[in-house]
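Some notes on the structure that comes next.
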Amino acid sequence: MASPLKSLVNDDSRYQKSFQLFLERSSEHQCMQDFIHNKLPDILASIGNGKSHLNVIGVGSGAGEIDLEILSELHMKHPGVTVDNEVVEPSSQQLHNYRGTAFIVLVSQKPGLDYIKFTWNKMTASGFEEHWKVKNMTKKADFIHMIQMLYYVKDPGATINFFQSLLDKNGKLLIILVSGESGWGKLWRTYRNQLCNTEISQCVTTGDIKSFLDSRGVSYQSYELLSQMDITECFTEGDEKGELLLDFLTEVLDFSKTASPELKAGVMELLRHPDCSVESNGKVIFNNNLGVIVIDQVS
């Protein structure tokens, strides 16, 4: 029987609100920034093979804050190089925000972004793949990043295969998703059938991606990023912010109002379980650990 639950991604306004609250309540961006500033520079050092121009593709770039930090690190590692940056993002609002952020950086910082040419692609990853194939593009990429976006594609393996095929020699594909060992992993393994949207790969973790790559004999490096999220408000009945966080955790629109009493009770119990969270000083802190996978193109 089809689930009556509606996916949060069907309501972009509520999704964006819940996502912003998630960022406020979690250390996600902080742990990503730590990775970008401390580990990524060494990863970026070997791309390009001495070329004076690099091609970068950001898939599911959102409002661009993380992209611009990546581009800044790339510039520091390859200071004399120009960059063609393809931005792939289906949300008009997010693309608008990205353009605004890029403009502010362009006019306020020295060096600015004048070494980068931006190409804005308002489309999904699958739309970009179709567009690329129709245009019969032969351009290769030196660096492709897919940060927190493989949840929203039909077939993550096929998406990885396509973007990996675009890599030039010494190119790298960076994937960031929730870790299979995180609270998300436990939640999804337990309630995948009830919560997960079957039209997209909503419940995918780095554990799933590693299994896929291992089955293909693809070599990769992996990193764990420690992150946490304060979900205390979820346990106050009727709390507006708590309900937004619950929607984000379950990816279900109005979860607390539309889930069956049994499902809601089971999810709430699991969210408090030591496999998902720790309780400290009256707060419930959810394990929001991320995983990073880096695939090298060696030929």
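From the backbone N, Cα and C atoms, a Cβ is placed for every residue, glycine too.
TrEMBL: automatically predicted annotations, no manual curation.
Pulled from TrEMBL, these are the features on record:
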type: BINDING; residues: Glu28, Asn288; note: substrate binding site
For Asn288 (substrate binding site), nearby residues of its own chain (Cβ under 8 Å, 6 or more apart in sequence) | Ser26, Ser27, Glu28, Val178, Ser182, Gly183, Trp184, Ser227, Gln228, Met229
Glu28 (substrate binding site), number of other Cβ atoms within 10 Å | 20
